[in-house]
């Protein structure tokens, strides 16, 4: 069953439940509207426009790229030639971090173009439901959006598509919420927009995902729907719980992150 069929069936399922009850729950009604809007949305409506894209030159070294990753908060950067329309590939933070860990000297010797992955290009008129299906099928997590004249119109990520379906995670301009606040030992209140990579660095755990960049995005992805207060997912080294939501769209604002202590196996003691 393809994405279009699944969305259609999901809408019918919730619509039937609404007809069977005197008053549909607000959450379910929001989901119905979200699915219907998603089915009619095209890529241009959710992409990051060209003017807002952060890019890096193809001849920049990896040390400069790492500095840009850390300052921008992004985990992927388009690598460009002479102009923004000349996108040669996509540079991933995880690939640069691997080089930094395994061969630090290469950070100054290798260029971004040498490490960049192949870029995927999609037309701005592509229906979002088709884009999601293509991205899932090809394990693509970011695509360059092309306008009718062949120029770069913007950039779209898997997270952009997921957020369009289940609702905005949080207003990216909301600066009043601290990124990370320790509320007790091993328990943290985290801004839903906070970078997975940065949280992992701060808590000294491995925390990353191919599809999403933020803590809220990971919680949403694991649940497969818009989080409600109290919803919890358990990962290998951390437990994430939806803490605070806001507005009609139930935007996720903060997440409670609890470090998990792995039990020590009995046979892990040092041999005599």
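Glycine residues also receive a Cβ, built from the backbone N, Cα and C atoms like all the rest.
If you look up TrEMBL, you'll see 47-106, 115-172 marked as domain 'CBS'.
According to DSSP, the domain 'CBS' (47-106) comprises 27 helix, 16 strand, 17 coil.
Model confidence over the domain 'CBS' (47-106) stands at 91, taken as the mean pLDDT rounded to a whole number.
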